[in-house]
Protein chains: 4
Amino acid sequence: REGERKDRRSHKMKSAGEVVIGDGGFVFALEKRGYVKAGPWTPEATVTHPEAVRQLHREFLRAGSNVMQAFTFYASDDKLENRANMSLEVASEGDALVAGGVSQTPSYLSCKSETEVKAIFKKQLEVFMKKNVDFLIAEYFEHVEEAEWAVQVLKTSGKPVAASLCIGPEGDMHGISPGECAVRLVKAGAQIVGVNCHFDPMTCVKAVKMMKEGVEKAGLKAHYMVQPLAYHTPDCNCQGFIDLPEFPFGLEPRILTRWDMHKYAREAYKAGIRFIGGCCGFEPYHIRAVAEELASERGIIPPGSEKHGMWGSGLEMHTKPWVRARARRDYWEQLMPASGRPKCPSFSTPEADQI
Amino acid sequence: REGERKDRRSHKMKSAGEVVIGDGGFVFALEKRGYVKAGPWTPEATVTHPEAVRQLHREFLRAGSNVMQAFTFYASDDKLENRANMSLEVASEGDALVAGGVSQTPSYLSCKSETEVKAIFKKQLEVFMKKNVDFLIAEYFEHVEEAEWAVQVLKTSGKPVAASLCIGPEGDMHGISPGECAVRLVKAGAQIVGVNCHFDPMTCVKAVKMMKEGVEKAGLKAHYMVQPLAYHTPDCNCQGFIDLPEFPFGLEPRILTRWDMHKYAREAYKAGIRFIGGCCGFEPYHIRAVAEELASERGIIPPGSEKHGMWGSGLEMHTKPWVRARARRDYWEQLMPASGRPKCPSFSTPEADQI
Amino acid sequence: REGERKDRRSHKMKSAGEVVIGDGGFVFALEKRGYVKAGPWTPEATVTHPEAVRQLHREFLRAGSNVMQAFTFYASDDKLENRANMSLEVASEGDALVAGGVSQTPSYLSCKSETEVKAIFKKQLEVFMKKNVDFLIAEYFEHVEEAEWAVQVLKTSGKPVAASLCIGPEGDMHGISPGECAVRLVKAGAQIVGVNCHFDPMTCVKAVKMMKEGVEKAGLKAHYMVQPLAYHTPDCNCQGFIDLPEFPFGLEPRILTRWDMHKYAREAYKAGIRFIGGCCGFEPYHIRAVAEELASERGIIPPGSEKHGMWGSGLEMHTKPWVRARARRDYWEQLMPASGRPKCPSFSTPEADQI
Amino acid sequence: REGERKDRRSHKMKSAGEVVIGDGGFVFALEKRGYVKAGPWTPEATVTHPEAVRQLHREFLRAGSNVMQAFTFYASDDKLENRANMSLEVASEGDALVAGGVSQTPSYLSCKSETEVKAIFKKQLEVFMKKNVDFLIAEYFEHVEEAEWAVQVLKTSGKPVAASLCIGPEGDMHGISPGECAVRLVKAGAQIVGVNCHFDPMTCVKAVKMMKEGVEKAGLKAHYMVQPLAYHTPDCNCQGFIDLPEFPFGLEPRILTRWDMHKYAREAYKAGIRFIGGCCGFEPYHIRAVAEELASERGIIPPGSEKHGMWGSGLEMHTKPWVRARARRDYWEQLMPASGRPKCPSFSTPEADQI
């Protein structure tokens, strides 16, 4: 099996022009299913309820995802190994790559040295190398400097490296612009750069566009990735959705519909982004909508679409004529869904701004 | 095992004062996970992807549900049997009753005779009797007459019978008031009466209150149940959420938060309702919120609460002081969550009203 | 001139089938123009800035109003006389009746006797009799009992008497239903009964409909009047707009458009109401919209319509084609105007409800 | 009187540090009063209903305005003279300057030559010179080039010249930035530059800030003015409020409250703007709020404040305790007023964007 996987990986990575679809954020989805605690967000469900985690992996795979991320947000080494096994196992059920991921460390925030922080990434990398993952992602970094360190460690593996910051168009925590961030990450050794989490799809695509402009202006080359929230956040400040008063237990009215996801996928594709996925808030049907929007570009329809009529066509047999009339693309594209909440506004005031 | 289950059932049914927590609507939850097709809404996932259905059952059980409904919306007999087996299996993993359910029939709507319609219910009942379910539910009926027929069939089993209409305060499809509907169902033989689906929690509780008033005025006795949508629907007309322009693919902004569920559970309890569950839109964390609100009344905290700090207490260790400040009850009780959708209104116009 | 006015009055009052259009609320309009202080709301502008008051009278007359109310909210006797003179003067510039008005008294609220309260109304009536107004209005009463006393005094004049309560469908301050209130007022001697202030147009029309039903059920006869707010108040409790957090300095987003006024006028007319006017928030263009909607029923177009194209027809010559396309009825009828305020909700919580 | 006025003017103009308060837009205010027709917006009311126009002038004067603009939007010469007389007359009742104003011409839009367009401005200037106005304003220009031509003509008078464009932060109709526009106008001879109409107060202040930065970067000097809409327009595209679907008959929900005006006045003052006024949608109480906010900076309270308690203090004597509790600054500063319109969104889609 090992040999096959290597072939698959090299084949995938060669044809960089094709679209890779990511998965969704695991901690938010598992929190709603009852297996992760909001606040600490630690991933012990991998050990305590492996079937629940495996089921979610399978649903994303079925929805069209062709990357299984061994999510390791704040995971200790033994859980990491467990997690990587699980991803490899489910990935082999379908046509998916497995990515080993590292994230920002508490050590960096408490001002530990470059050597100390890199030592953490090295230990995590060792686990992923043992499991022979297909590629590596340095993801969810608020400071480009720490992401550079992570990339420098990960590229020693010889495997493809992706680097993704949780920033918007205003740049990283020190205001370093998306363009400059991307240039630094490419120079550090990343083949793929992009953003994830913290902002809604359109905002993230905008930030990645700025990254692409920066990279191209610098005469460099890269591929691009985006893995945004599934929440509308037009009212965020530069710190992202954590500062919204609704974080993390009142975000429901902001959840994107499947039709919002179609718009996101199209916009990301038009911007030249080829690794298109999701983060917190994404459910399997969101990823399926991304895969359906890009079905002709990718030449495949996701397995899960057997249970989904494109653009609402499943309503064609409804008994009420006005519901049948919704079985068409322009109806859903133009719908502005009501909130059903007359005492709730459209925008919040991020709390840091109130102080 | 059979003997134990009988004991449990009779124990449960005796202590009618205690609170029974239902589960959520399976077709909507499974649609988002990729296993049910919106439009036909048929439940073949029971056969094709049993692990996915079983996983959802387990999540509701873990969230605090103590009823597993063998959901049979438009199911053929063989699927029914399969489905009942599955419910019994998961129920035995925890402390839950199993309910066999029948719903309104296409035959009634196409004006078939009482005999013909009752024959359908009889066939379904046979399957449930063979599987020895704990009690029976006649659920999702738009016409009280058809529900009466179902109750008349189900009560021949000698098992407890619940009857639930998908109506709001304006009554059934012919405008028969909730109070009158309830009286007719009790007279037909139902021990438990209530409403499910079609309207949001507060609207459904209001309709059940009207049922209770009607039953009491008639000098009758009953227990009460409510299994509403997890969507805010203040703008529905008497036909419920199907007439909303957002049905079924644009309902996201209307999804209730866990805190909305606390309010619902309290309101239902105060109204004297003791079977409190959910229907379309409910996810496991919604049921968990119901169970947490009623933890002291029931004397138990659901298993899933090991992964949930009451009233946001899991945020206590957050790095930002203003996020830590959200780890308290009044914060979440008072929050009016923004929609993040400035082009979307609060209310829609139900489409039947536009014609 | 006296003789002519008597003829006019009796002619007007005979043809009760015709539509009489009221004016708007003076204190709110004059507050925005700088001549009345919000809070005390006293009408000394009549004396200090007569030109400003006269100008507003003229604008309502020009907008189509054919009643000039000598508004006397908390006015002392000398101001009353002054005010009546002014109304008579402007009314004679057009084809308008003059109404002398009395309102609820602080004496009633501080539990003075029927005799004492009636003495106040008698003194006010004397002024109006001296000035020979066309008819009398007892208006803005929260308690039907005090309104009965006022009607009993006013009817001694031999002039037509109208009685208007500031109540909604839930009835007066003691919960006496609109129907019962109306019956009591008719029995006390009022020829015209209705409601004014406190609620939005559609709510007020609903309350007057209930009055009409009550009067008809009692086998009595009356004419009906309505003079609502020009603010949308779907979220009011039974105490009206004063309890809204926005009262009185944040009501702007609730102001009705001219097209909302068309709907109001039509609805009032269909309900059988023939004295249709306005209260707080009405500006001259609101009254003009009422007059334009009922132009064919009344057989006249208001003078002010020389400066107004029906249904936006004045836009026909605009340079931009998409603005020209707004010069049609269905465009404005269907428009759901945005608030431009993304941090503001649709509904407020009335403050009394928060306690 | 002539001599006195000259003294006053030179005194005013010398002390440029002091704050000058403008008036509001006449055509919108007079449209609502019934004297101007929306669409053509022509100012014949000056001749047909001079008392109505004079009354509005007086109200703005009383509200604290110390500039009376002889508004001449598309006016022919004879109306111009009439209008200038009227402004001078009312200005002499208080302590106000009179400005003669010219606006963009249909001739420029139909590509007439510089000579032809300047000839129009010259004729208008002659009228203003004859009437000896205090200063001149070139206002409501969408193209900076035409505004330059106007300034070049007006400065031949030897009187102070102000130039105001109807642009937002995205610049004029050809995308020339506010900074560059301002530099060109100062070079053409304007002592005061700024923006008016088309956008809401905060957007206009932002555009004027950009003008100031441009002028300062160019090593030039100027004073600054701003006269925005009284409508919230966060959803406008670069063409301003005309493209909003609500223009001009559905703008009510967007009207600024007096408290919004306080924020505007403070923001404009902090930005270094010293000529602060209003345009379409401003009513006298809006200008009074601007004057009240800047009362200590200006050392005077407007005459109209005798009828206005600062920050709602007029409510102190209200009978209901929760209404009395609104008689304080922070209540009104923090209020997010509800729209009362549950079917209306916060944002519109400008129509040009829909095509």
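Heads up, the Cβ atoms here are built off N, Cα and C, so glycines get one too.
The Cβ of C:CYS280 (Zn(2+) binding site) has 24 neighbouring Cβ atoms from other residues within 10 Å, across all protein chains displayed. The secondary structure of C:CYS280 (Zn(2+) binding site), as reduced to three states from DSSP, is coil rather than helix or strand. Feature annotation from TrEMBL assigns Zn(2+) binding site to C:CYS197, C:CYS279, C:CYS280.
Taking the domain 'Hcy-binding' (C:8-294) as a whole, pLDDT averages 92 in the prediction. Per TrEMBL, the feature domain 'Hcy-binding' maps to C:8-294.
In the three-state DSSP reading, C:CYS197 (Zn(2+) binding site) counts as coil.
A Cβ within 8 Å of the Cβ centre of C:CYS197, C:CYS279, C:CYS280, the residues given for Zn(2+), is found for these other residues of the same chain: C:GLY25, C:PHE28, C:TYR140, C:CYS166, C:ASN196, C:HIS198, C:GLN227, C:PRO228, C:LEU229, C:GLY278, C:GLY281, C:PHE282.
Sequence-distant neighbours of C:CYS279 (Zn(2+) binding site): residues of the same chain at least 6 apart with a C-beta under 8 Å from its C-beta are C:GLY24, C:GLY25, C:ASN196, C:CYS197, C:GLN227, C:PRO228, C:LEU229, C:ALA230. For C:CYS197 (Zn(2+) binding site), other Cβ atoms within 10 Å of its Cβ number 24.
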